[in-house]
């Protein structure tokens, strides 16, 4: 029990901190070098940079929070420590979630074609719209998370049954004073997940129709647009699966706030801690520039079929 309660979770969070931070720093470095050459970032690059930077902060806050829960609980339970941590972790988690939702929306607009002047005007203003969506995503995330500083009510920690073995292992009890804060968080997560589900489903259906059309026209399946379509579908679907897991574990955490330190809470925290790493992998392999750079660094020839949507608008 000692290994699962402390050693394994701490080791896991440290590994996630290293891998997640490395992935995020790789993304930011590649984008910065590219910006130094071109002095501009297309909308998809702006989104990826935003996600990478937020995930870097999120990974660090995850590791700090969970290691404190496991090893330095007497420090963590102080109000001036735990309440800001709850606000920071929650706001960064929602910022990452909604910025990734913006990425799915970007692929949706680029892939799905609608007729009409309004749509073309909307598409022409997409770079500006994306920037405002990213700003809105971060602002709404912080506005939603900030009330937790005053709303979270913590009871005194009590030691577990194996306190003689692990004197610093506690179960913490957190409650929402208004009895609604965690429900608001779940609703906000559900909204983002619904948008990702809609965009992923629409892109996959569009891809299916496009393949059928190419077969009818005997054009084969090597069409450049089809390759970009497939790449976007893979990225959005991967984000959908990732956020399905993330959404489920968030719900477990939000419904287990009165038993922080339990096995269920520890496992859920470990899953959420791996989120920035998994998100970085999806972003890297879903982006031609990032994946090609990674293959170059590793000394591996990149696959020519890895195509992304990067319209210079």
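The backbone N, Cα and C atoms fix where each Cβ goes, glycine too.
Among the features that TrEMBL reports, transmembrane segment is placed at 6-30, 42-64, 84-109, 129-150, 182-205, 226-250, 262-285.
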Interface present between the transmembrane segment (262-285) and the transmembrane segment (182-205) (three or more C-beta pairs under 8 A): no
Stretch contact, the transmembrane segment (84-109) with the transmembrane segment (6-30), Cβ-Cβ under 8 Å, 3+ pairs: no
Proximity of the transmembrane segment (129-150) to the transmembrane segment (42-64), 3+ C-beta pairs under 8 angstroms: yes
Positions on the same chain near the transmembrane segment (262-285), where near means CB under 8 A and six or more residues out: 4-5, 9, 12-13, 16, 19-20, 23-24, 26-27, 48, 51-52, 55-56, 58-59, 62-63, 66, 69-70, 93, 96, 100, 171, 235, 238-239, 242, 245-246, 249-250, 252-253, 256, 291, 294, 306
